[in-house]
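Data block below; observations after.
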Amino acid sequence: MVKHQPLQVYERQLCLSCLTGIYGCRWKRYQRSHDDTTKWEFLWSVILFFTFSLLLVWFYFWWEAHNDYNEFNWFLYNRSGEWSDGTIPILASTAAGFTYIAFLMILALCHIAVGQQLNLHWLHKIGVSAALLTTAIGFISVNQTWGEEWAVIPISLQATGPFLHLGALVAVTALAWLVAGQVARAEKTRFQVVVLLLYLSVLLGLYLVPLSITSPCIMDHTHLTPRPDIIGHQGAPMLAPENTVLSFQRALQMNVSGLEADVAISFDGVPFLMRDRDLRRTTDVGKLFPDRQREDASFFNWTDLHSLNAGQWFLKDDPFWTVRSMSQREVRLVGNQSVCSLEQLLRLASSQNRTVVFNLRRPPPEHPRYHSWINDTLEVVRLSGIPQHLVMWTPDWDRGQVRLVAPGLQQTSVVKRPPQALHQQGISRLLLRYSQANPHDIREFSRSNLSVTLYTVNEPWLFSVLWCSGVSSVSSEAPNILKKVPYPIWLMSPDEYCLIWVAADVISFTVVIGIFVFQNYHMIRWRMSGMRSYNPEQIMLSAAVRRSSRDVNIMKEKLIFSEVSHGVGSAEDLYMENGCDYYDNEGISH
C-alpha cells in the first residue's frame with residue numbers, strides 16, 4: 001500500500017495542477033493555496049454564477065423559439081431588405097458562450113470541493129465580462145424588437161416544467177456532496193449554519209415547486225379532446241416555395257384540413273398570394289423589372305406578376321434547409337413555380353373539399369382598387385365555385401355588407417374579444433397567434449361555441465400543449481412534421497404526476513441525508529485513523545483545513561517530527577502518508 005502512495009500523490013498533484021492551472025493559471029504547486037477566497041475573487045465568483053444563470057435563460061429561450069425562427073428571419077428581412085438566416089450566428093455564439101461559462105462553473109465547484117482558493121485568471125474575467133455584456137445586450141435587443149416572443153417561455157414551461165423540475169432536483173441533490181463536505185470541514189459554526197440554511201432553503205423550494213407548475217397535459221386521459229385539425233400556412237413552405245400551387249399541393253398530400261394564404265390585390269384588381277409588401281424576396285423581379293423591385297407588389301398588373309418566377313429563390317436561400325434532400329425532379333419542379341392567384345387556391349381547395357383562410361391586405365390609398373378591394377375579393381370567391389362554408393373570412397371591414405352578399409362565409413376574427421361581443425358581430429371563429437390564448441381562454445371560447453385556430457404552430461411540443469388545451473385547429477408551416485404526432489408527446493393524470501413528484505422528493509431527501517451522514521462519518525473516521533498518539537498537533541491539524549496555509553504547514557511539521565521521534569517511520573514516508581507537500585500552498589514553508 002505504501003509503495004503506491006507516491007503515485008497517488010503524483011496523480012493528485014497532476015489533477016490539482018490542471019484544475020488550478022486552467023481556472024487561475026496556477027500551474028505550480030507553490031502557487032496553490034487553501035486560504036480563504038478574497039472578497040474580490042468572491043465577487044467574481046458571484047458574477048460568474050450570475051452570467052451562467054443569464055446564459056441558461058438565454059439558451060433556453062432560443063431553444064424554445066425554434067418554432068418561430070422563420071418569423072424571426074422574415075422580421076430581419078423587413079428591417080434590412082436582405083434575406084439571411086439570422087438565427088445561425090445567434091445560436092453559434094450562444095452555444096459557445098454557454099459551454100465556456102458552464103466549464104468555468106464546473107471548475108469553480110471543483111475548486112470548492114478540494115478546498116482550493118478561487119482565483120479566476122484575468123483572461124477568464126475578460127471572457128466572463130464579454131459573455132455577460134453580450135447576453136445583456138441580446139436581452140435588451142429582443143425585448144425592443146421582438147418582445148412578443150418572450151411569451152414562448154411560459155408556454156414552453158407548460159411542456160417542459162415537470163422535467164426541468166426533476167433535472168434541477170437531481171442537480172441540487174448532487175450538490176449535497178459539496179455542501180456536506182464544506183459543512184463537515186468548516187471550523188466556524190456560523191459558517192456551517194449559513195451554508196446549511198441556504199442549501200436547505202433551495203432544496204425545500206424545489207420540493208414545493210410542483211405546487212406552482214400548471215400544464216394542460218396534466219389531465220385525465222379521458223378528458224383529452226380530438227386531435228386538432230392542421231391548416232397549411234402558405235401551404236407547406238418547408239417542402240415548396242410559400243404561396244405557390246406546388247406548396248398547397250404538398251400540404252394537401254399531408255392531409256391538412258385547410259389552407260391559409262396572404263392575399264394582395266393587383267393593379268388591375270386580381271387578388272394574388274404574396275406575404276411581402278414587395279417582390280424582391282420571393283420572385284426574380286430584379287431580373288425582369290430592375291427599376292421596380294422595391295415597388296409595392298399591388299402596383300403590378302396580373303400579367304406582369306404571372307410572368308415572374310416564384311421558385312428559384314427557394315432553391316437559392318433554402319429557408320428551411322430542405323433543398324439538399326430533394327431529388328432532381330423536385331428541384332426542377334420547385335424552380336418552375338409562378339405567382340399564384342387567389343382563384344387558383346380556391347379551386348384547388350374546392351376540389352379537395354378543404355377549408356381556405358386568407359389574410360387580405362388592403363392596397364395603398366393611391367391604388368385604383370383601394371375602395372373596391374373587398375368587392376373584388378368577394379367576386380373571386382363567388383366565381384371560383386367553392387362552397388361558402390369552406391371560406392374563413394377574416395377582414396373586419398364591411399362585415400355587415402359581406403354577410404349580405406355571402407351569408408355562408410365563416411366570419412372569423414383576428415382580434416381577441418369577449419365571446420358575447422363576437423356573437424353580436426356574427427363571428428363564429430377566431431384566428432389568433434398561439435401566445436394570445438391560454439388554456440382558460442380556449443375552454444371559455446369552446447363553451448361559447450367559438451372555434452379557435454392558433455398560428456403559427458410548427459413544433460411537436462407546442463402542438464401537444466395546444467392539443468391538451470382543447471384547441472380545435474392550428475395553422476402550421478410544418479404539416480409534414482405535425483402529421484407525425486398522433487398523440488401528445490406526454491400526458492399524465494394528476495395522480496400520476498403527484499406520485500412522481502412525491503417519489504422524487506423522498507428519494508432526493510434520502511440521498512441528501514445519506515450524503516451528509518457519510519461525509520461526517522468519513523471525516524470522523526479520517527480524524528480517528530490519523531491519531532496514533534494524542535499529541536495536540538495531530539488534533540489541531542485535523543481541524544485546520546480553514547486555517548492559513550502557513551499555520552497548517554507548521555502543524556504538519558510538528559506532527560511529522562513528533563511521529564518520527566516516537567519511531568513510527570521516516571520523515572519522507574510520513575510526508576507522503578499525510579499528504580504533506582511544502583509546495584502545495586501559496587509559498588514555501590521554510
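Yeah, the Cβs are placed from backbone N, Cα and C, and that goes for glycine too.
Keep in mind that TrEMBL annotations are predicted by a computer and have not been checked by a curator.
Residues or ranges marked as transmembrane segment in TrEMBL: 42-63 (among others).
As annotated by TrEMBL, transmembrane segment applies to 88-110 (among others).
For 122-142 (among others), the entry in TrEMBL reads transmembrane segment. Long-range Cβ contacts of the transmembrane segment (122-142) within its own chain (Cβ-Cβ under 8 Å, at least 6 residues beyond either end) map to 23-25, 44, 47-48, 50-51, 54-55, 58, 61, 90, 93, 97, 100-101, 104, 149-150.
Annotation source TrEMBL lists transmembrane segment at 162-181 (among others). A Cβ distance under 8 Å defines the sequence-distant neighbours of the transmembrane segment (162-181), meaning residues of its chain 6+ beyond its ends; these are 109, 112-113, 195-196, 199, 202-203, 206-207, 209-210, 213, 215, 218, 497, 500, 504-505, 508, 511-512, 515-516, 518-520.
Annotation comment: TrEMBL describes 193-213 (among others) as transmembrane segment. Here the transmembrane segment (193-213) has long-range neighbours at 157, 161-162, 165, 168-169, 172-173, 175-176, 179, 182-183, 186, 497, 501, 505, 508-509, 512, meaning same-chain residues at least 6 beyond its ends whose C-beta is under 8 angstroms from one of its own.
Residues annotated as domain 'GP-PDE' in TrEMBL: 228-486.
The transmembrane segment annotation in TrEMBL covers 499-518 (among others). Counting only same-chain residues 6+ beyond the ends of the transmembrane segment (499-518), those with a CB under 8 A from a CB of the stretch are 162, 166, 169-170, 172-173, 176-177, 180, 183, 203, 206-207, 210, 492.
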- Task: Restricting attention to the domain 'GP-PDE' (228-486), give the mean pLDDT.
- Result: 94
- Residues of the same chain, at least six outside the transmembrane segment (42-63), with any C-beta under 8 angstroms of its C-beta? 87, 90-91, 94-95, 97-98, 101-102, 104-105, 108, 118, 120, 125, 128-129, 131-132, 135-136, 138-139, 142, 149-150, 152-153, 156
